[in-house]
Amino acid sequence: MASSLTPRSPHQKKENLGSLRRGMGYNAPPRRNVLSAINNGGGANSEPAPSEAGSEAPAFEFSGREDVDRLLNEKMKGKSKNDYKGRTEQMSEYIKRLRACIRWLVELEDGYLAEQEKLRGQIDSDNARHAEFEAQLSGALEELKAANLEMTTRCDSLEESLNKEKAARLLAVESYEKEREERESAEASRDVLTVDLERVTHEAKRFSEQLKMVQDTNKRLQEYNSSLQQYNSNLQADTSKNGEIISKLQREKSAMMEAMTNLKDLNNSMKNQLDSSMSSQKEAIRVKEELRKEVECLRADLQQVREDRDQSVAQLNTLTAELATYSEQARKSSKDSELLRIKAAAFEETCSSQQEQIETLQKQLAVATEKLKHADVTAIEAMTGYETQKETIKDLEERLAYAEFQIIEADKLRKKLHNTILELKGNIRVFCRVRPFLSDSDSNGQEEAIISYPSSVENAGRGIDLLNQGQKCSFSYDKVFDHSASQDDVFVEMSQLVQSALDGYKVCIFAYGQTGSGKTYTMMGKPGRDQKGIIPRSLEQIFKTSQSLESQGWKYCMQVSLCITLQSSYCNDILSMLLLRHLHAGINVGNIQ
């Protein structure tokens, strides 16, 4: 027999029940009134009229919880002890009002169940739409990855082309323009993904609102459970269904975490693209500097050519003057005149060739100036693209922080709902596990006790009947595990308490029973995956949960203090399974690991 303890404050529990009752009184939807005797003078001091056979039952109106409490607290007065007929009529009238009250409560329960089914349908439709949005988002991410791969390949080809001759620089600039257009198309695809992310966020917000509606419905159902104890089993089934809804929310949370991981990957890819763009921009700036240096060299060459031309013109003028002088002297010497003519022709050819060289240098200077202007425009566009991508990355980081905040809030709500469910099930619960008969138990020759389980709806899975020597004894617990229950079936009920301990609440689980009843098997189990007990399975759940939460930034520090078991006058260390025997001074529990 195993039981679980979850110590909580009784005062806090009463306050929670009081708030739930007040919420039921103020927020309950309007219902059809079926009791009127309470509001029309059917109090404790009024005497009901005698009922006649064949007459119609009076119509009763019922407006709320106050009328029910007044009806339940009503005391029958006004009749003497010997007036049996009057007391009988008064009792029959009171029974009619109780039946009308029960009918009203049944109708109220049907309304709550219909509203709950409607909310479940809405949740299923929202889950389907969310799955469709996730599929669209994954497809868009695959397309973006393909575009990113193509851009990387083209960037490599551009780097190879930049290492070629200086004559191919203009082609490299044109390739950079094509790359910028492709980057703009990638940014457009990213904007589409951003719109999809906003849509998914809106769906998550609406799903959270529906969860609040489910929470309000759960509170109303718990108020109904506190007022009528005979419907306790049905309300426990409702709380288990709410637990399934919480598990769905947890799966939704894991899906959102995967979406956030994809967004982080997208952010990293965009950062890589930004780095490649920055490297391309640096390369363009380097090309611009080289072009500027080349232009300066061309300008220096042009200045040198101009100076040479001026010197040649000055020499030409000097030679012309000399030619005039020589012409005057030509009459004296024909040979000198011929030499001067040859020199003049040579100087004229030199001037014409220098003039052609000057024109060529001017054309090269114009081309270099155009290249420099084009490089300036490319650098400005690259800086603009860099600022745009920087703003986009900042926006994505803000959205990512907001999504992480929503996940934290959803986890807080999950812990609160899980704790509420455990409180509704009971702070102290007692489970009973039936051990199957041993193989040699039939050879005792004595009459064995016959174990049976009630089949009624109220006691199904919660009661046990023992028949011994013709006497039948019935017992009821919070949960009964028959002899065919496995270790996994038992741990399903305990796993909720382990999760509550991970959420920060104090939990105590212990086994109690006589020797040979199966306590050690239930708590420790045997070697084998299916034979593990509650303690090994609890440790596995704790470590799995802590590892799964590491991606969200959670860090767990675990330590185990004194872990011993006392059985048959022996003390055992659970962590090392070493047998510690009695000494003269008592039990030796040293060197515990």
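Each Cβ is built from the backbone N, Cα and C atoms, and glycine gets one as well.
Nobody curates TrEMBL annotations by hand; they come from automatic prediction.
Counting only same-chain residues six or more apart in sequence, none has a Cβ lying under 8 angstroms from the Cβ of Gln514 (ATP binding site). The ATP binding site annotation in TrEMBL covers Gly513, Gln514, Thr515, Gly516, Ser517, Gly518, Lys519, Thr520.
Per TrEMBL, the feature coiled coil maps to 130-406. Mean pLDDT for the coiled coil (130-406) in this predicted model: 74.
The annotation compositional bias 'Low complexity' is assigned in TrEMBL to 46-61.
Taken from TrEMBL, the feature domain 'Kinesin motor' covers 427-593.
Sequence annotations record features per position, and here TrEMBL assigns region 'Disordered' to 1-61.
Cβ neighbours within 10 Å of Thr520 (ATP binding site), excluding its own Cβ and spanning all shown chains: 16. If you count neighbouring Cβ atoms within 10 Å for each of the binding-site residues Gly513, Gly516, the highest count belongs to Gly513. Of all the Cβ atoms in the protein chains shown, 15 others lie within 10 Å of the Cβ of Gly518 (ATP binding site). Looking only at other Cβ atoms within 10 Å, the busiest spot among the binding-site residues Thr515, Ser517 turns out to be Ser517. Residues within less than 8 Å, Cβ to Cβ, of Lys519 (ATP binding site) and separated from it by at least 6 positions along the same chain comprise Ala511, Tyr512, Gly513.
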